[in-house]
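Colleague: For reference, the structure I am asking about is given below.
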Amino acid sequence: MGKLGFFALIVAALAALLGERIVNLRKRTLASRELVKNHLPNCVALKNLEYGSEDITIIGDGLALISTGLKYPGLPSSDVPGKIFSLDLQDSRMKPVELRMSRNFDLDSFNPHGISVYTDPSDDTVYLFVVSHPQHKSQVEVFRFVEDDHSLVHLKIIKHELLYSLNDIVAVGVDTFYATNDHYFSHELFKGLVEPLLAQPWSNVVYYSPKEVKVVSEGYYMANGINISPDKRHIYVADLFDHNMHVLERKEDNTLSSVKSVALGSLCDNIEVDPETGDLWLGCHPNGWKAFMYDLNDPPGSEVIQIQKIHSEQPVVTQVYADDGHVIMGSSVAATYGGKLLIGTVFHKALGLKFSILPSFSDDPGKMYILDLLHPKPTPVELQIKGELDLSSFNPHGISVYTDETDDSVYLFVVNHPEQKGSQVEIFRFVEQDTLVHLKTITHPLLHSVNDILAVGVESFYATNDHYFHTDALHVLTVLLGLPLCEVVYYSPGEVRVAADGIMSSNGINISPDKRYIYVSDIIGHEIGVFERQEGEQLVYVKSVAVGSLCDNIEVDHKTGDLWLGCHPNSMKLSNFDPKDPPGSEIIKIKNIHSEQPVVSQEYVDNGRVIMASTVAAPFEKKLLIGSAFHKALCCDLK
């Protein structure tokens, strides 16, 4: 057998293995399950909880504490820092109130996940334990709750090598607790992709005290919610991917021994225990595949399950509430008090029923600026936007300008990613030096993951899709397997089609000065593809030029035809953003790209201390503008 045949066999075997693993993952996530609605009366959405309500716990007097703002890999999230709210369930207004935090606490990096309350019987002091993930790491924050002042006083941070992938926590003392690790690996790539595909029982439960930290239970596919029985004798652990509730007995040395497991038929997240009846209330994901593949047109549903008599030979498992995602998406917790049921979610709102990838350092909507490079002191000026565009959700990405030769009208095409709406293209007309008039919004199924755009007419353009799948995890999988699934799409009012494909991750796009060639940056393939435009807007591949970096947007010097590229010299530093070791910037120029020997030169490089994550470089009259994904912009003099 030749080398080619052997390679083909290897690829076929890997494809078969991958296919089997994906089928298995779909089974574990209940991907084929269709939910039948089972609503309760008098449901109201709670105010102030727009960024999720991942965990809820209730103090004895009817005061609920709610964590919000969780940023969890693979799931939708907000850039707003996490917060803790309180909700008085005895108040008919049902209005959550944000708790103030002490000044010594780093609010900007607060990323709360599971929470638990412990009341010290010696003085009735209430302690709140919060799992937090600053920079996607794991630690436990301990606060003292001051109810009269609506505040939390930060006491300490707890870190330990065994607390590496925390999900939920149950406090059993002033400084002791049990916690679940929902993954075996701590790196986001392995957590989000490798583990789900392998589907091995590698997660565990850890006991922590100042004197002793140890694994006390293991063998879970994804240990998630954890709580304790009213008599403190048993610990309950939800295995999300195994669809079971595990009952564990506490021993004198704080180890746990397995008693039984109860089948749930759903992917259950957090656990709340009714202190009077001992019933377990679970926030569940009825179809986990929809949660991971998040599509607003087919949203992930919500399910609340109650377990009665869990210690009997025949526990009673009941579906109390179910919704297909059009009322509430991604339920993660359910808590009861005084005839009321609260349902919290990972990333959606909360109901009261009688109920990434890159950092972003601003919650402000996107804006457009203009900069006069002929001015001796160039100063960006914000453009005023008029028309029916929803400015509050404006999230601009790639841009392109087209000048109509018939009347010199200037049109600006902007790739926009409004929250939970995927990709769309906004078309503006530039008027009066400082104003954009919004003309129309363009959406289409083929424009599903748009990165950059190249306008070639008043209403026609080429656009790059940088993903084939909608979720980051599956996109990473295609990158690991080296699958060139991305494409370039041509759009006009009369025709929309794929114009070029077979690209690892199509990013920046631009056109030659004579309009004959299209340039496409394959950011993962580290190359610039050259395509010839032919009649009927067909693109024919000509060649590729290796650039040795992850190059983003492309600008073309209209006098020389040189290509200028904003690049990322180290993608791992970009995806694992650490301000102490920031991602660098690199500017590359390509001269004579259509010759047999194009000249590729590095024009600027920085380790991230001056400018991080460069995405674009534009030359003009001996000046060079350098833009970035989330940092500042530079204006430099060219040599």
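Positions of Cβ are set from backbone N, Cα and C atoms, glycine also.
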Colleague: Please pick, from ASP55, ASP61, ASP324, the residue that TrEMBL records in the Ca(2+) 1 site together with ILE115, ASN167, ASP168, ASN224, ASP269, ASN270.
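Modeller: Candidate listed by TrEMBL for the same site: ASP55.
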Colleague: Around the Ca(2+) 1 site formed by ASP55, ILE115, ASN167, ASP168, ASN224, ASP269, ASN270, list the extra residues of the same chain whose Cβ is within 8 Å of the site's Cβ centroid.
Modeller: GLU54, HIS113, GLY114, VAL131, THR180, GLY225, ILE226, ILE271, SER332, VAL333
Colleague: Taking 10 A as the limit, how many CB atoms besides its own sit near the CB of ASP55 (Ca(2+) 1 binding site)?
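Modeller: Summing over all protein chains shown, ASP55 (Ca(2+) 1 binding site) has 32 other Cβ atoms within 10 Å.
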Colleague: Out of GLU54, ASP168, ASP269, which of these binding-site residues shows the lowest number of other CB atoms within 10 Å of its CB?
Modeller: ASP269
